[in-house]
Amino acid sequence: VRFVSSQFWLCPSCLQTSCSRLLCGVPHSDPIAITIQAFLQDTEVVPLSMTHQSLYVTMETQVAIAGIILCGVYILIIFEIVHRTLAAMLGSLAALAALAVIGNRPSLVTVVEWIDYETLALLFGMMVLVAIFSETGFFDYCAVKAYQLSRGRVWPMIIILCLIAAILSAFLDNVTTMMLFTPVTIRLCEVLNLDPRHVLIAEVIFTNIGGAATAVGDPPNVIIVSNQGLRREGIDFASFTGYMFLGICLVLLTSFPFLRLLYWNKKLYNKESIEIVELKHEILVWRQTAQRINPASREETAVKCLLMQKVLTLENLLRKMMKTFQRQISQEDKNWEQNIQELQKKHRITDRVLLVKCVSVLVVVIFVFFLNSFIPSIHLDLGWIAILGALWLLVLADIQDFEIILHRVEWATLLFFAGLFVLMEAIAQLQLIDFIGEQTALLIKAVPEDQRLAIAIILVMWVSALASSLIDNIPFTATMIPVLINLSQDSDVNLPVKPLIFALAMGACLGGNGTLIGASANVVCAGIAEQHGYGFSFMEFFKLGFPMMIMTCMIAMCYLLATHIGLGWNM
């Protein structure tokens, strides 16, 4: 029998409880004796509530079941057997079924409470803002300006985009940064006849790196600086940001050359001419539009048939162009100045009034994001701020056809996050995350005392990085914080808590680059790119993201060892 919760309500009194025996995984025939002693300061009645659940399997079996479910979800996503949203939903259903089998049956209300609605509200609000913003032609204008700044050279342009994304994500949420940058990047790549997939992957990698630099750039950092126990240990906003910012700057300096090395043999230009690429993309968009129509009436059926007929016409035109057109691709555009003039005529801001409204609302939303980080008395979560900003812009923009905006919302991405939240909480209920934390603590205790701090830093950082690339880093960080605090307070271990927490932050943030579902920004970027017809697979991201994650973690580990072991920055 495992006792799940014990609740005591006391106003003027003090209650002490002692349990003579609490066993987990024992047969029901064994007696369980519990003794409760209450020492009250007066004669008032004290309400007492205690619940228990009978579990039919041991902790080891629960961990094994959780590992099998997680591996199954990854197999579905990696090999693209089903869409990643359906894979997350199937995994969450399997995890809930496993909880029911072992005797822990969460109610529907409990399962719904596992979903992080603040994150979903933030995603939805920013998607609406970006959808309205795209109507102004601002993204096309930015693409032309970036092309002009890079003077037609591809790699200077990629480095500029990655650097801007890293700087913005240090002060904004990673997801917000990618929502703003993904449409700009896609349009710019279309202008340059580049494959947007490789550029987007590079951007989202540097977004995750830059988000680790401050206390508000990544959710694990927010969890760390908001912990009251860590604040008492001296880890506040200023000290945390100062230490992490210095380390991430070092990581960024080494990341750009390594990125160039990873892309050494990559063909960034499309193999066909820009006319053929645009025609293929147009065919894909029209086909996706036709597939989204549910022919519930005669008119909708007719519209779907017209769209499919248009797809067939464009496909015939594409075949003719492929036969007659000769491919001429230059690795460096020699006539970039002439192209700039042509592009400026074709791609310009179409609605300046709407642009002013969008910029004003976005500036206010971002400003309130900053205020929310420094002034807790605002009592507005990030999700509420994004929703209120979206509603405000909808009123100002006077949107008549609201369904067009809703069609641009990535509903599949929102469902993926909802399923992922349920899956990760169920995995936590199956003791997998607790098991990882306990095994990490046991390994640290087994190291000789003179080498314990260095081994602890290395172990915590790499366990955090690998775990965060496989599971959501938010519940993992929340679980590891009390484990590390207890470890530092253990007299047999005798370790300072600051190096362990900084190692946890570095690993959890940088580990998000390991896989496509390692960080929220990765999933959002992939979803928006897929909506534009440039979706990238799990393996495409893994081939670039995982080596970058290994390299950045190596640099971060050297920084941690140099500062805490070499210089002794432990107090």
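Including glycine, each Cβ sits where the backbone N, Cα and C put it.
Feature annotation from TrEMBL assigns domain 'Citrate transporter-like' to 74-507. Taken from TrEMBL, the feature transmembrane segment applies to 55-79, 86-102, 122-142, 154-172, 240-263, 354-376, 382-399, 411-433, 453-471, 500-529, 541-562.
With a threshold of 8 Å between CB atoms, the same-chain residues lying at least 6 positions outside the transmembrane segment (240-263) that come near it are 155, 159, 162, 166, 170, 198, 202, 205-206, 209-210, 212-215, 221, 224-225, 502, 505-506, 510, 544, 547-548, 551-552, 555-556, 559-560, 563, 569. As a quick check, the transmembrane segment (86-102) and the transmembrane segment (55-79) clear the bar of 3 or more Cβ pairs under 8 A, pairs 6 or more apart, so the two touch. Within its own chain, the transmembrane segment (122-142) is flanked in space by residues 173, 175-176, 179-180, 183-184, 187-188, 347-352, 354-355, 358, 361-362, 365, 382-383, 385-390, 393-394, 397, 399, 405, 408-410, 413-414, 417, 524, which lie at least six positions past its ends and keep a Cβ under 8 Å from the stretch. Here the transmembrane segment (382-399) lies next to the transmembrane segment (354-376) in space: the count of CB pairs under 8 Å, restricted to residues six or more apart, reaches at least 3.
Note: the stretches the transmembrane segment (411-433) and the transmembrane segment (154-172) are not in contact (fewer than 3 CB pairs below 8 A, sequence gap of 6 or more). For the transmembrane segment (500-529), the neighbouring stretch richest in Cβ pairs under 8 Å, chosen from 55-79, 354-376, 453-471, 541-562, is 453-471. Long-range Cβ contacts of the transmembrane segment (453-471) within its own chain (Cβ-Cβ under 8 Å, at least 6 residues beyond either end) map to 70, 74, 220, 424, 427, 432-433, 436, 440, 443-444, 447, 477, 480, 484, 487, 495-496, 499-500, 503-504, 506-515, 518-519, 546, 549, 553, 556-557, 560-561, 564-565, 570.
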